[in-house]
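Undergrad: Handing you this structure, nothing more for now.
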Amino acid sequence: MTAESGRSLPVWGFLIIVIVYLAIIQGGGLLAAELAGIDSDEAFTTASNVMVTMWIPLGAALVFTYAVVGVLRWWRPVLTDDRPVRRWLWAVPIVLLAAVALAVDYADLADKSVGFVLALLVATQMVGWGEEGMFRGLGVTTLRRRGLREGQVALWSSLIFGAVHLSNVIGRGLSAIGQALVVAFAGYFFYLIRRVSGGNVLNSVLHGLFDFALLSGTAILVDQEAYPGSLAAIAAYVVLAVLLLVRRRRIEPVRA
């Protein structure tokens, strides 16, 4: 199977798929929490709550994402990437992995059960594999097949990724706007990880670990105080933004 095999998907078709994906997560999460009688501030406080409010909607969205990949017969272009970048860009996953190690709230996690930690880890990996499959997998492949240049693919796939997170206004209010901007930057970092690693695996795993680290310091206890280590995530974004800005002309491979 070549990179251009499989069915065709217009950009508007991809956007419809994104809307359905989003509806599964948001609608499924709200419905599951309502049926189980779980308050929003307790969604991540017990293993059973995590399974209900995260596993159910995220699992359904994950299945939907890769079902679409299967229907389109896009397994190869979604899971592998044939557009390499220069090797120095391995700095991107290294910086993010260091940020994860610093941002995990080990003390608060130690107060939780092993079952809870595993439940949260599985849930956040569902986020990582689902969102990377949708936006860096399906999204990037769709835009490339429309003939966009790689810079345009990076820009639009990241902007769509950020815009989707505006749906969090439902639960977080106007703070979701700032989150959407940050997420758009993160989308670009994950896009580069996909290209430098040659596939959609490393970015999916790191995405999940990053979310695990952030949730561990902000949402696993009722009225949890913000964990100072979470600032490592912000620092990583700043470091990567500056690094990529300075070396922006040294991303694409040297032409022979």
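Backbone N, Cα and C define each Cβ position, glycine as well.
I grabbed these lines from TrEMBL:
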type: TRANSMEM; residues: 12-32; note: transmembrane segment
type: TRANSMEM; residues: 52-75; note: transmembrane segment
type: TRANSMEM; residues: 87-107; note: transmembrane segment
type: DOMAIN; residues: 115-212; note: domain 'CAAX prenyl protease 2/Lysostaphin resistance protein A-like'
type: TRANSMEM; residues: 176-193; note: transmembrane segment
type: TRANSMEM; residues: 205-222; note: transmembrane segment
type: TRANSMEM; residues: 228-246; note: transmembrane segment
Undergrad: Do at least three CB pairs under 8 A connect the transmembrane segment (52-75) and the transmembrane segment (176-193), leaving out pairs fewer than 6 apart in sequence?
TA: no
Undergrad: Which sequence positions outside the transmembrane segment (12-32), separated from its termini by at least 6 residues, show Cβ-Cβ distances below 8 Å to it?
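TA: For the transmembrane segment (12-32), the sequence-distant neighbours (Cβ-Cβ under 8 Å, at least 6 residues beyond its ends) are 38, 52-54, 56-58, 60-61, 64-65, 68, 130, 134, 138-139, 142, 160, 164, 167, 170.
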Undergrad: What else in the chain is close to the transmembrane segment (52-75), if you only count residues 6 or more beyond its ends and a Cβ gap under 8 Å?
TA: 1, 5-7, 9, 17, 20-21, 24-29, 32-33, 36, 38, 43-44, 119-120, 122-123, 126-127, 129-130, 133-134, 137-138, 141
Undergrad: What is the number of residues in the domain 'CAAX prenyl protease 2/Lysostaphin resistance protein A-like' (115-212) that are helix, strand and coil, as DSSP sees it?
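TA: Final tally across the stretch: 89 helix, 1 strand, 8 coil.
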